[in-house]
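Participant: This is the structure I have questions about; it appears just below.
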Amino acid sequence: MWDLQRETSSSMYKRSSSRDSTPMIDVEESSGLLQNDVNKETETTNPPWICSLPHVLVATISSFLFGYHLGVVNEPLESISSDLGFSGDTLAEGLVVSVCLGGAFIGSLFSGGVADGLGRRRAFQLCALPMILGAFVSGVSNSLAVMLLGRFLVGTGMGLGPPVAALYVTEVSPAFVRGTYGSFIQIATCLGLMGALFIGIPVHNIPGWWRVCFWVSTIPAAALALGMFFCAESPQWLFKQGKIAEAEAEFERLLGGSHVKTAMADLHKLDLDRADEPDVVSLSELLYGRHSRVVFIGSTLFALQQLSGINAVFYFSSTVFKSAGVPSDLANIFVGISNLLGSLVAMVLMDKVGRRLLLLWSFTGMAVAMALQVGATSSYLPHFSALCLSVGGTLVFVLTFALGAGPVPGLLLPEIFPSRIRAKAMALCMSVHWVINFFVGLLFLRLLEQLGPRLLYSMFSTFCLMAVMFVKRNVIETKGKTLQEIEISLLAKP
């Protein structure tokens, strides 16, 4: 549309001569040239990033809650088991930690339908409700069963929140800062983990403090639910619902008025390109349809992310540090700082070097870090050198994970998924994430006993190298491109 307008203005200018032109033609010439300049300026300038920032920050509260509830029982678990009467029962203690994963799996399964059916804003509000209720139930629990119920409710909100956060941040962010904003999700998760650690510090000195650890999480959950009333809805979702005027209004809130027409024109073009596709997205279409390849890429990235051993390192890093004489709370701080530092570096580099290169750097660094862990098991090394290698390998692994393998998949997948299948494809990929997360946590200690650390860490390193090869062959770069441009380029491929 804009090219046609420029051609018309240009041809009008060429046809009119300076000798026989009338004042009216001069006005038309000036208007055409002025419009041409405005269009060029719109195309070459970026939207103001400040417009979308508040909406992104509110959305990342869900990621903060995700991190907080992952870590909230780490320090208080001993006090919880003592007060509720299951002290020494490792199975019960494991259930308190892992029942969230079951709830998260259920929540992630429904996240796509909720986000598509109710919209992104209401999906956030819906994920906040079980987090508030579950945290309250956990805080007032007087038995293991009530505690497990509360943790399961929290888990459903945890499963629902991350896919919706990835969708929302991707859809409301301008292309030139989308990577930076996507990194906010990982940073918020790190801050949530560290916040849980900080809140849990008095638990060994103040009786019943573990209840406060749960109750305090209702504050950010309520802030998320209330804050979404003032945030923009995803323009892509509104357009899919046929609410064209509302989509334009939200684009204006997020991008500024001068970029609305270009954004809407891209959406209309995509709508024409997929006019022959049905509105309903089925599981068979995701697995076997024309978009099955991008769904396979997304699921495999999340699978390799978990098979790299990251959650095994997170769950059991304190054991490594204890063997080196480092207290568990100090170990958690070291791991948290490494995670946060890597996330901050990723935020700076995401829109500079791109998603693909960060993934390659990250998985390569993780493979090297796991190789250090393998070297630490050597009987030829002095005990102190082996401990230094083990601790250093753990910190390098967490740092390099946070550099790319942590934040990039959650950002990249909503970018490469077409808008029609985006929510449900993310739900499927996150379900894969939670299933493998569960089994890695369940089997790690048993495999460690049966295979030994050298072979197990070698397997993790091999998975990281497999991820490097997979990224090289299958992952495209999306840096600086609008979602519509990415979708059009993927549709153009055979």
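The backbone N, Cα and C atoms fix where each Cβ goes, and this holds for glycine too.
Any TrEMBL annotation is an automated prediction that lacks curation.
Given the structure is predicted, the values throughout are model-derived calculations rather than measurements.
Quick paste of what TrEMBL says about this protein:
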| type | residues | note |
| --- | --- | --- |
| COMPBIAS | 7-21 | compositional bias 'Low complexity' |
| DOMAIN | 55-479 | domain 'Major facilitator superfamily (MFS) profile' |
| REGION | 1-25 | region 'Disordered' |
| TRANSMEM | 49-71 | transmembrane segment |
| TRANSMEM | 91-111 | transmembrane segment |
| TRANSMEM | 123-142 | transmembrane segment |
| TRANSMEM | 148-169 | transmembrane segment |
| TRANSMEM | 181-203 | transmembrane segment |
| TRANSMEM | 209-231 | transmembrane segment |
| TRANSMEM | 294-318 | transmembrane segment |
| TRANSMEM | 330-350 | transmembrane segment |
| TRANSMEM | 357-378 | transmembrane segment |
| TRANSMEM | 384-413 | transmembrane segment |
| TRANSMEM | 425-448 | transmembrane segment |
| TRANSMEM | 454-471 | transmembrane segment |
Participant: Can you work out whether the transmembrane segment (123-142) touches the transmembrane segment (330-350), with the criterion being 3+ CB pairs under 8 Å where the paired residues are 6 or more apart along the chain?
Facilitator: no
Participant: With pairs closer than 6 in sequence left out, are the transmembrane segment (425-448) and the transmembrane segment (330-350) joined by 3 or more CB pairs under 8 Å?
Facilitator: no
Participant: Could you give the mean pLDDT over the domain 'Major facilitator superfamily (MFS) profile' (55-479), rounded to a whole number?
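Facilitator: Averaging the confidence scores along the domain 'Major facilitator superfamily (MFS) profile' (55-479) gives 87.
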Participant: With pairs fewer than 6 apart in sequence excluded, do the transmembrane segment (454-471) and the transmembrane segment (49-71) have three or more C-beta pairs that lie under 8 Å?
Facilitator: no
Participant: For the transmembrane segment (454-471) and the transmembrane segment (357-378), decide whether they are in contact, meaning at least 3 CB pairs lie under 8 A, counting pairs 6 or more apart in sequence.
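Facilitator: Touching, yes - the transmembrane segment (454-471) and the transmembrane segment (357-378) meet the threshold of 3 or more Cβ pairs under 8 Å.
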Participant: Considering only Cβ pairs within less than 8 angstroms, which of the stretches 148-169, 209-231, 294-318, 384-413 has the most against the transmembrane segment (425-448)?
Facilitator: 294-318
Participant: At a C-beta cut-off of under 8 Å, are there same-chain residues at least 6 beyond the transmembrane segment (148-169) that contact it? List them, or none.
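Facilitator: Apart from its flanks, the transmembrane segment (148-169) reaches 55-56, 59-60, 62-63, 65-66, 69-70, 73, 95-96, 99-112, 114-115, 120, 123-124, 126-131, 133-139, 141, 178, 181-182, 184-185, 214, 221, 234, 410-411, 413-414, 422-423, 426-427, 430, 434.
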Participant: Give me the stretch from 91-111, 357-378, 384-413 with the greatest number of Cβ pairs under 8 Å to the transmembrane segment (294-318).
Facilitator: 384-413
